[in-house]
Amino acid sequence: MSNTNPDFLADEFLLDHCVGNTPLVRLQRLASHTQATVLAKLEGNNPAGSVKDRPAYNMIMQAEKRGQIKRGDTLIEATSGNTGIALAMVAAMRGYKMILIMPGNSSQERKDAMRAYGAELIEATSMEAARDMALQMQKDGKGLVLNQFGNPDNVEAHYLTTGPEIWKQTGGKITHFVSSMGTTGTIMGVSKYLKEQNPDIQIVGLQPSEGSNIAGIRRWPQEYLPTIFEPSRVDRIMDIPQIEAEKTMRQLARTEGISAGTSSGGAVWASLRLAEEIPDAVIVCIICDRGDRYLSTGLFSVQD
Ligand SMILES: Cc1ncc(COP(=O)(O)O)c(C=O)c1O
């Protein structure tokens, strides 16, 4: 029996309540050479520090609601970073064991963040190998794989929260939505919601240019394309050069005071190209996480 004061039993005092409802801020300087408005949705403000808190929370809550899992069960996921940290946080919050499988080259602070939330880590040779290993462990009865790449609850998280927040925060004035693509959950869910409100809104997806390496996003080989991805929900795909993503990430921090990771730098770079192209555009881009997560890469120490 809890003896908590009844004044503090409301949902608003639960950590659950802190997932989502992130700020939307206008770029004040980087886009000032254009006539367009560029707005950044600060997903690093989520409790475990990234946009992935939304699908992690929804995938676990929906599996619970369907009776697929109960407290004390083991969950398994292949993830190179933010999803792992988010799942580890939600698993701790809801009382699950979390096993995370990831490529060995994932950054030290990401691995430490997952362990801090009590998750068990297994290293694999590549992301593809990690995904295969997770499915094999599930087959062997070691736990439930949430499979963010094929789980409709990943898309639904953004359909139910990110999309409506953006629509409301822009008063319906958004003309372009820009998002980097990893599992594609963000772009699928937001696109579905925004197109229902106004089919003219342009949905722009980002992938690393050939040979570029940007944490969290991929040019997927055809056979590993996330099954939640529906090409018809994206109007335009832009290739992001790694060097521009990194440079813009530094500019964001130095000239706007917005701390973000490389994929978010890429999203801002693409938004600025659109702003130069389309004078009256109201562009919303996703800032997936915070720069703290990338400090050990040394990328912030580079002088441009
Ligand atoms: C840093 C970063 N950027 C972008 C993304 C892409 O988001 P989504 O998986 O919803 O496509 C992710 C996803 O893991 C990420 O961690």
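The backbone N, Cα and C atoms fix where each Cβ goes, and this holds for glycine too.
TrEMBL: automatically predicted annotations, no manual curation.
The pyridoxal 5'-phosphate binding site annotation in TrEMBL covers Asn82, Gly182, Thr183, Thr184, Gly185, Thr186, Ser263. According to its DSSP assignment, Thr184 (pyridoxal 5'-phosphate binding site) is coil.
TrEMBL lists 18-289 with the feature domain 'Tryptophan synthase beta chain-like PALP'.
Taking the Cβ of Lys52 (N6-(pyridoxal phosphate)lysine) as reference, residues of its chain lying under 8 Å away and at least six apart in sequence are, in sequence order, Asn46, Asn82, Thr83, Ile85, Ala86, Leu87, Cys288. Reduced to three states, the DSSP call for Lys52 (N6-(pyridoxal phosphate)lysine) is coil. If you look up TrEMBL, you'll see Lys52 marked as N6-(pyridoxal phosphate)lysine.
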State, in Å as a whole number, the widest CA to CA span among the pyridoxal 5'-phosphate-binding residues Asn82, Gly182, Thr183, Thr184, Gly185, Thr186, Ser263 given in the record.
15
Excluding Asn82, Gly182, Thr183, Thr184, Gly185, Thr186, Ser263, which residues of the same chain place their Cβ within 8 Å of the centroid of the Cβ atoms of the recorded pyridoxal 5'-phosphate site?
Val51, Lys52, Ser179, Ser180, Met181, Ile187, Gly216, Ile217, Cys288
Out of Gly182, Gly185, give me whichever of these binding-site residues has the highest number of other Cβ atoms within 10 Å.
Gly185
